[in-house]
Amino acid sequence: MTTQPSKQLETFENPIQTRDYRIHMEIPEFTCLCPKTGQPDFARLTLDYIPDKKCIELKSLKLYIWSYRNEGTFHEAVTNQILDDLVIAMKPRFIRLTSKFYVRGGIFTNVVAEHRKKGWHPQPPVFLESFDEQFNTRS
């Protein structure tokens, strides 16, 4: 059982390479240190990506995220570094990382970074009518 943080991201083969589909992940407990004060910064990371040939392995992602816990870094830098490392590991068709940092000095900071694979174009969205919430009994 691994009990140490790691910068090593692992991947596995995308089981459905013929289709664009979105993988959505929420990482509610990201921490790093403010490079100016050494105080902890906390953020909720949201990762959305459309894989190409590889997907990110979750345990390695957890250990990778953990590796920033004692690292001093600016919000903008860490968001872009994480995105760059994920792009190198997976080479996805599309990836977006949103970092929502908790209040610091009365200011909330949100950083959004994204990458599109050269030559990839998303399919146009399909909007479907919503249904009312369903219950197991009819009224």
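Numbers here mean position along the shown chain, with the first residue as 1.
Using N, Cα and C of the backbone, Cβ positions are placed for all residues, glycine too.
Lifted from Swiss-Prot, the feature list:
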ACT_SITE  C34  active site, thioimide intermediate
ACT_SITE  D41  active site, proton donor
BINDING   I56, E57, L58, H75, E76  substrate binding site
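Locations of recorded Swiss-Prot features on the structure.
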residue: C34; record: active site, thioimide intermediate; contacts (Cβ under 8 Å, 6+ apart): P40, D41, G72, R104
residue: I56; record: substrate binding site; contacts (Cβ under 8 Å, 6+ apart): L9, E10, T11, Y49, L86, A89, M90
residue: E57; record: substrate binding site; contacts (Cβ under 8 Å, 6+ apart): L9, E10, T11, F12
residue: L58; record: substrate binding site; contacts (Cβ under 8 Å, 6+ apart): none
residue: H75; record: substrate binding site; contacts (Cβ under 8 Å, 6+ apart): D41, A43, S99, F101, T109, V111
residue: E76; record: substrate binding site; contacts (Cβ under 8 Å, 6+ apart): V111
Record lists I56, E57, L58, H75, E76 as binding substrate; longest Cα-Cα distance in Å?
-> 24
What does DSSP assign C34 (active site, thioimide intermediate), in three states?
-> coil
So, in DSSP terms, is L58 (substrate binding site) helix, strand, or coil?
-> helix
Give the number of CB atoms, excluding that of D41 (active site, proton donor) itself, located within 10 Å of its CB.
-> 22
